[in-house]
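K.L.:
From TrEMBL, for reference:
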TRANSMEM  37-60  transmembrane segment
TRANSMEM  85-118  transmembrane segment
DOMAIN    93-293  domain 'DUF7847'
TRANSMEM  139-168  transmembrane segment
TRANSMEM  180-212  transmembrane segment
TRANSMEM  232-253  transmembrane segment
TRANSMEM  288-316  transmembrane segment
Amino acid sequence: MPPPPPPKPGVIPLAPLSLGDVIGGSMSTVGRYWKQLFGIAVLMYGGALLVTLAAVLVAYSATSDTLSKVVDIDEYDESFGSDVAAPLIVAFALVCVVAVLAMVVASAAIMAACPAVLQDAILGRRTTLGTVWRRSWGRVPAVIGAMLLPWLVAALVMGVFLGSYVLLIVSFTSDDVPGAWVALGFVLMLACFPVAVWVWVTFSLAPAAVVFESQRPVAALRRSARLVKGSWWRIFGISALAWLIATVAGYIVQFPLTIIGMLTSMPGMAGAGADPSAGEALTAMAGYLLFIMLGSIISQIIATTYPQVVTGLLYVDQRIRRENLAPALAEAAGAPH
């Protein structure tokens, strides 16, 4: 007589997960809890966009006079120097910093929200947007800390990769550079990318550990490394598949919106004449730009949330396999085990 199937109070069976269980569970989670997942994503990306726009407006108001001088300056005006453009460069740099910080906070909030949703999805419980927000927002600083170190290491590795690429280009365009430098450039290019991928996979479960176990950043990174050890290739393969699914889904959403945008802009472009002004062209293209922006936002939300849901399920799967977490989950769900 075959053994009874494992209990399944929520989106996954409480047993070691197969590839089908992970993908099916992630799809079920997105289907059942899309309001919470996408709601957090819209709030955070919308907030990041508003912060960035506010920074742009402040920068413009502070440098509008300088910008007008630069735009109106004569091509042969010798009075134009770096001191004139310096305020614009500083303002642009500050806007970029604000935009990057806003996106980091938004991404961290989404990374925290996905495991927070899974805490209820795995047990088959209902939850609300407010509950997910309260549960995840307090963990955002720790998630940022857990994200920061792998990102810095990966950025350093990719910096070496880009430096090697530049060195390689210089080697091919200069006859004075020894051939050994060309070989070194190839070796570094081949070595750096796998190292960056290894860092990404090894610490990919850290955000889930931060939320599920209330771990601090460094402890979460160590926890992730221990859980990934021995299953690196499996986690890499499933994570890559999740990224591919999210990319294809985002493209499927974005493509028809792009077509609709093109169709809505055609009458306006046809009526603008052969030589429209900048204002007329912008007005005619407004519909196209609106649909392009909408498609990009939806695609970004899918690309951010779905892989994180899969990563959260991989974290639970590793704990079920290594720590026999299934009985504790069944007890919490009130299911027989």
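Residue 1 is the first one shown; counting continues down the chain.
Yeah, the Cβs are placed from backbone N, Cα and C, and that goes for glycine too.
As the structure is a computational prediction, the values presented were derived from the model and not from experiment.
Looking at the shown structure, what environment does each listed feature sit in?
P.N.:
Residues 29-30, 67, 91-92, 94-95, 98-99, 102-103, 105-107, 109-110, 113-114, 117, 129, 132-133, 136, 297, 300-301, 304-305, 309 of the same chain lie 6+ residues outside the transmembrane segment (37-60) yet bring a C-beta within less than 8 angstroms of a C-beta in it.
Only residues 6 or more beyond the boundaries of the transmembrane segment (139-168), in the same chain, are considered here, and those with a CB under 8 A from a CB of the stretch are 104-105, 107-109, 111-112, 116, 181-182, 184-186, 188-189, 192-193, 195-196, 199-200, 202-203, 206-207, 209-211, 214-218, 220-221.
For the transmembrane segment (232-253), the list of distant contacts is 19, 22-23, 26, 197-198, 201-202, 204-205, 295, 298-300, 302-303, 306-307, 310-311, 314, 318: same-chain residues at least six beyond its ends, Cβ to Cβ under 8 Å.
Residues 12, 17, 22-23, 25-26, 29-30, 37-38, 41-42, 45, 107, 110-111, 114-115, 117-118, 122, 204-205, 207-209, 212, 227, 235, 238-239, 242-243, 245-247, 249-251, 253-255, 257-258, 260-262, 264-265, 325, 329 of the same chain lie 6+ residues outside the transmembrane segment (288-316) yet bring a C-beta within less than 8 angstroms of a C-beta in it.
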K.L.:
Using a Cβ-Cβ cut-off of under 8 Å, list the residues of the same chain that are 6+ residues beyond the ends of the transmembrane segment (85-118) and lie near it.
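P.N.:
For the transmembrane segment (85-118), the nonlocal Cβ contacts are 29, 33, 36-37, 40-41, 44-45, 47-48, 51-52, 55-56, 59-60, 62-63, 66-67, 70, 127, 132-133, 135-137, 139-140, 143-144, 147, 207-208, 210-212, 304-305, 308-309, 311-313, 315-316.
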K.L.:
Averaged over the domain 'DUF7847' (93-293), what pLDDT does the prediction give?
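P.N.:
For the domain 'DUF7847' (93-293), the model's average pLDDT rounds to 83.
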